[in-house]
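Novice: There's a structure below that I have some questions on.
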Amino acid sequence: MATTSIASNTELSRAIAASIRPSSNKPLATQQPKGRCTFNRFSDRFPLLSVRATSNSSMSKENSSKSGDGAGGGLTYKDAGVDIDAGSELVRRIAKMAPGIGGFGGLFPLGDSYLVAGTDGVGTKLKLAFETGIHETIGIDLVAMSVNDIVTSGAKPLFFLDYYATSRLDVDLAEKVITGIVDGCQQSDCTLLGGETAEMPGFYAEGEYDLSGFAVGIVKKESVIDGKNIAAGDVLIGLPSSGVHSNGFSLVRRVLAQSGLSLNDQLPGGSVTLGEALMAPTSIYVKQVLDLISKGGVKGIAHITGGGFTDNIPRVFPKGLGAFIYKDSWEVPTLFKWIQEAGRIEDAEMSRTFNMGIGMVLVMTEEASRRILEEGQHKAYRIGEVVHGEGVSYH
């Protein structure tokens, strides 16, 4: 595949120079990255870089949802083949080998800043890309899953790298995928620095491929968003999602099969096909979130992926605090209503598997939240508040 080599980011170069040679003002020479190389090696689905030390893990965000027992005949994530217990056990074992890791992104000290790194894939949403033939936007999903994680620390994404693996390289198909990755990088104002293209004959089904991505950002140490100052009475502001994003598709596919509908059928109650609704690319919140942070008052940020509100919001809270969610404070998109009805899925299972229409939650002061909502510059909802206690309650 063509090389996607781009010069090193100036801001990162300055930070490295300040960290490595603090006594010298001589600029650090930058090296041009060598771009794409092809190696026939398998990259595990479970990356170590940004392991969640809680029951959630970026090692497999689709494993973040706690399965139910199927009571009442409704589908659960476990029914769809995703076992949260196995995922949690793997997290515990890795945490023993690499203590101290956790959070949505990994922080690495560099001078007066932190590099913040994240890695992820797009899960079984790829299956729908193969079935619908929609490949131009799956790269946006790939970028979004990593950059949305690292911006929760207040970090500005610097660069992104991708990994594209297939049994036989279809250049036209790969170009469509990479076009989406470039689009995602433009949306998040970061550089596509390079990537890896791997041909592994016989490993994947004909016409299929796998994707993973890696993002690095930077934030000043005094500007890190870490949730430590969150207090009871702070407000939860939700930013709307574009749909299912890139989590829960194992359950979505099970629901679709059970419903008797096809991806070409119209979404019941909607104006698009099920395929179009489900393949809507993940919202990239980088510019929006960084702008909100710049206005002041933001104390914590949660990227709502697998695990929904129930698992993701508490991860940014100090011990002893929980979330009180106003259930009717935003309109749940039609797609989620159909998924729940067609799969006869319990409310609790939906809330632990999907974002339900809110893809990012910011914890901020009452004053800051009022200002944001009154300005109306960003579409946002006041969806709840921080309370004494543990976990998330819905009222």
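The count begins at 1 with the first shown residue.
Cβ atoms are placed via backbone N, Cα and C, with glycine included.
The region 'Disordered' feature in TrEMBL is assigned to 53-72. The compositional bias 'Low complexity' annotation in TrEMBL covers 55-67. Per TrEMBL, the feature domain 'PurM-like N-terminal' maps to 111-219. Marked as domain 'PurM-like C-terminal' by TrEMBL: 232-392.
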Novice: DSSP on the domain 'PurM-like N-terminal' (111-219): how many residues come out helix, how many strand, how many coil?
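Specialist: The breakdown for the domain 'PurM-like N-terminal' (111-219) reads 41 helix, 39 strand, 29 coil.
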Novice: What mean pLDDT score does the domain 'PurM-like C-terminal' (232-392) have in the model?
Specialist: 96
